[in-house]
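Participant: Sharing a structure, written as structure tokens. Questions coming.
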């Protein structure tokens, strides 16, 4: 029994192999009509289906099968046996009925997305469809039985019977909820208005001005137009018929100068906007002209002019992508193959008119390069290979070229052989290769790989006496070198050298092998001459529908949250921090730029219907995002300036305003002048990634990120020096935890503000198929406004103080720092007040965990609150062991500080301990002991204070205590921005004791600058 099963399996395998051998594999066939008028059509997976009926009739689907039922239909490679040849999507017919019934024409793509599910994954599939063309008013009854038309294997499914079984097995009949209708939005293309179109239907409209006929546009089930442009294959420009008549007249009259003139006029017409129906018509005119050039002797006189005109027309046709998009894949391959043959035939014919052996004919256009060489004398060739085209010999740029071996030329004629070379750009997109099915290593399964043409189409052939000679089976291979852009091979793998089969309209790898490949060049060795290209597999996978939906949802929700937070931040600064200085001004502009950019993004990123409007939106997005990035750079620069400049400078708002908005405008203008078509893509109103155009935005973004990273590192170093690099008496371990927390919080805020999230966007530019980068960039970038709001409003102590002061001034509550036993006096701030423009003032005061008892004894703690009576200074200094007795200046009060040591000359002694400044209760509390929070100064910066100005007044005599010597006169007012000054303070003066120690003296007539914001 086991032997019988083995024998059966072996026979089955042999039978399948025989079927593959004797049964030709065919692709999509042309529609056929049987005796009853039913139209049958088979379309391979991935190709466009076109169902149509004559005028006055509509489609009525009879049969629909999507799957695989045969080993001989739509199989890209005969060497691969499908793992499943008996699979079908049972929803095919019902889907086709909803999509096509009642329409005169129906367009859709045959793939699993159209039919909602894949009946047999990793297996090439195809669609079999049968339909009738009926009068719209006629009610027709169609069979519900679907079957295949092949004899290899058939599958019969009765959909009505299956539905009845489902109804019988169901205990409860659930109400069917009608799906809400989805429409493709109305738009205007080339002056033609397209109305809102129901999903799953096809809309028709008149052809653009200057053409006649009818154009169609299919709306997908998702409510999106199927293609970028309407299908204008049914349109024809009005000048086509007149040009056809002119050509017929030239040929009949044998007008020698008429052919170049006709081609020149035809080139002028093809420069204008065209419609899809013009493509085969113009191709027919070209082929008709080329036949005359190649076969009629009277046309030889102006061959160079005629060939130049023909190549110019081909160039314009190849560069017009819109007219190619109106045709399905098979038609595009056919038209592309005919263009190649027409160019070759015209140039080969010109070889007859070349009078001397040294003459050559070269025509170069942006999309086409063709050349006929002079007659090659092998006896004078020193090498085994001859390089073509001639531009590859003298042009310093990288030019696609062909190295033809001596062996190939000797096979023809060693002294009379000519070489034809051709190179076509933009043509590979129309000659797309079929998906290849390969076996998965180590398993019995197969997978389908998508491939893409990544090179130009390069051709070479040998000519003898004006006729092309076939060359194959060479012992020395032909070496073809392709140069391509690095961006064109990104995310691609597995390069394959192939040649074009004009009969089968497909790429073939036989006879060619890969010699060398890198990011910019590929070299192939082939044993024959024809037209060659390089194919590569698409690596990775596109975002599926779930990922796309989730990313879209995250983007919209995140952007809405970000916009709200940015506007809240903007108004918080505008209301509560009006006198905040340049930093607040930068924050306001940053928030405003980002908010406008994200509002524009939400409102216009998908408005691709109108190309002009889409381009304007892309320009606005680029400018606003560049402006936001520039303000981020200015923020980093300003923070660094605040921490490094000794003296506060004048406000720079006007300078910041120019830098924040003018350079982004210049970059955007240069990008627009370089390539205005780069603004707006078929999918989004953003910058195109073609030809590296996206780097007009990504380049400045990279620069700003790198610059801000340097600023961040430098700023953190400066902050670290201020917090832990001061003098030993000024450092307090009890405050190290708070200092570190503030340092980390500030670093995170700065890192967020300086655009760290944009690095994920740059990674995504490099790997656009990375789902991880897509999610990370979408979430982090869309929530950037939330980060700014949290770090600069919610968690910002300065903002909380500003809000408290704002409420206190309006009588909404006490100051944020007030208490029943501790009242402080508000001091009117000016431009030099703490927290405004100071770089070293009150920002360097911080509270401690030290607690002190206060009483009437001021010897141990020298305090000041602006209203207290001061003790006799002589008695104070007599009791303090670290101070000598001397007479003070009128109206001043000694304030102890650290010794500067070497900064002032004199004898160095131990400095007194650092003094804490304490708040004092009102007089009514008497001498009750109160416990208050202590405060320390930040350590002074590590630089010498500036020298005092020369005194202009008469010197005051000083009477120091006994035993003093080497006394110095007191210095004048300290620098307004020195280590212990807060910008506008005039209270403090310095005094040098007889021992060389420096103390600060407080002028009691000045306002109490250090009693605020503690």
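Glycine too: its Cβ is placed from the backbone N, Cα and C atoms.
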Participant: Among the residue ranges 451-496, 497-542, 543-588, I'd like the one that Swiss-Prot describes as region 'GPS'.
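Facilitator: That would be 497-542, per the region 'GPS' entry in Swiss-Prot.
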Participant: Can residue 375 and residue 717 be said to be on one side of the membrane, going by the domain names in Swiss-Prot?
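Facilitator: Topo match: no.
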Participant: To which of the residue ranges 410-430, 725-745, 746-766, 809-829 does Swiss-Prot assign the term transmembrane segment?
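Facilitator: Per Swiss-Prot, the stretch marked transmembrane segment is 746-766.
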Participant: Check each of the ranges 351-371, 372-392, 771-791 against Swiss-Prot and return the one annotated as transmembrane segment.
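Facilitator: In Swiss-Prot, the transmembrane segment feature sits at 771-791.
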Participant: For residue 526 (disulfide bond), what is the tally of other C-beta atoms lying within 10 angstroms of its C-beta?
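Facilitator: There are 24 such Cβ atoms around residue 526 (disulfide bond).
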Participant: Which of 556-576, 585-605, 614-634, 654-674 has the most Cβ pairs closer than 8 Å to the transmembrane segment (693-713)?
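Facilitator: Between the stretches 556-576, 585-605, 614-634, 654-674, 614-634 has the largest tally.
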Participant: Please average pLDDT over the region 'GPS' (497-542) for the predicted structure.
Facilitator: 89
Participant: For a quick check of understanding: among the disulfide-bonded residues 497, 512, 524, which residue's Cβ has the most other Cβ atoms within 10 Å?
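Facilitator: Within the set of disulfide-bonded residues, the most crowded position is 524.
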Participant: Other than its own, how many Cβ atoms are within 10 Å of the Cβ belonging to residue 518 (N-linked glycosylation site)?
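Facilitator: So the Cβ neighbour count for residue 518 (N-linked glycosylation site) comes to 11.
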Participant: Within the region 'GPS' (497-542), how many residues are helix, strand or coil going by DSSP?
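Facilitator: DSSP composition of the region 'GPS' (497-542): 0 helix, 28 strand, 18 coil.
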Participant: Between residue 512 (disulfide bond) and residue 524 (disulfide bond), what C-alpha distance do you get in Å?
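Facilitator: That separation, Cα to Cα, works out to 7 Å.
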Participant: Against which stretches of its own chain does the topological domain 'Extracellular' (675-692) lie, if we need a Cβ under 8 Å and a gap of at least six residues from its ends?
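Facilitator: Sequence-remote neighbours of the topological domain 'Extracellular' (675-692) are 228, 485, 487, 604-608, 611, 613-615, 617-619, 621-622, 765, 768.
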